[in-house]
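Got a structure for you, written out below as structure tokens; questions coming shortly.
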């Protein structure tokens, strides 16, 4: 694995006893990110079924040019509770320096408590490839052609 330096900065209202993003296993591709609520919400937040909220992490970051950070759901929360990120993967661009927040959706059937310090999402550092968009009158043929949205079936 290749390491890329990501600079982190605590926000003024952050609880600095909450752990920084961390890789929980040696082979993990995503670093777990924890909820870090401001003092008035440290008791946690309850998400009703179908409700979404922005969960603060207490951090801002600096990503090197040529990279992005993708915010992704944690599979255990998704499977067991229906907790997901509706814009997954959420992209954090290298030139963004604001607060790192995670949009969380309860797609489950029961209310879900997001506790202060809970590992709520994972972030993956990825290289960025920039497209060079060119307008053309014609596109080359392909076997698939214009078939989309289920055109290849499910079996």
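Glycine too: its Cβ is placed from the backbone N, Cα and C atoms.
The annotation domain 'dUTPase-like' is assigned in TrEMBL to 18-153. According to TrEMBL, the substrate binding site annotation covers 74, 75, 76, 87, 91, 92, 93.
Show me how these features fit into the structure around them.
Averaged across the domain 'dUTPase-like' (18-153), pLDDT in this predicted model comes to 96.
DSSP assigns residue 92 (substrate binding site) to a strand segment in the three-state reduction.
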Counting across all protein chains shown, how many other Cβ atoms sit within 10 Å of the Cβ of residue 75 (substrate binding site)?
11
Count up the helix, strand and coil residues in the domain 'dUTPase-like' (18-153) according to DSSP, in that order.
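For the domain 'dUTPase-like' (18-153), the helix, strand and coil counts are 10 helix, 50 strand, 76 coil.
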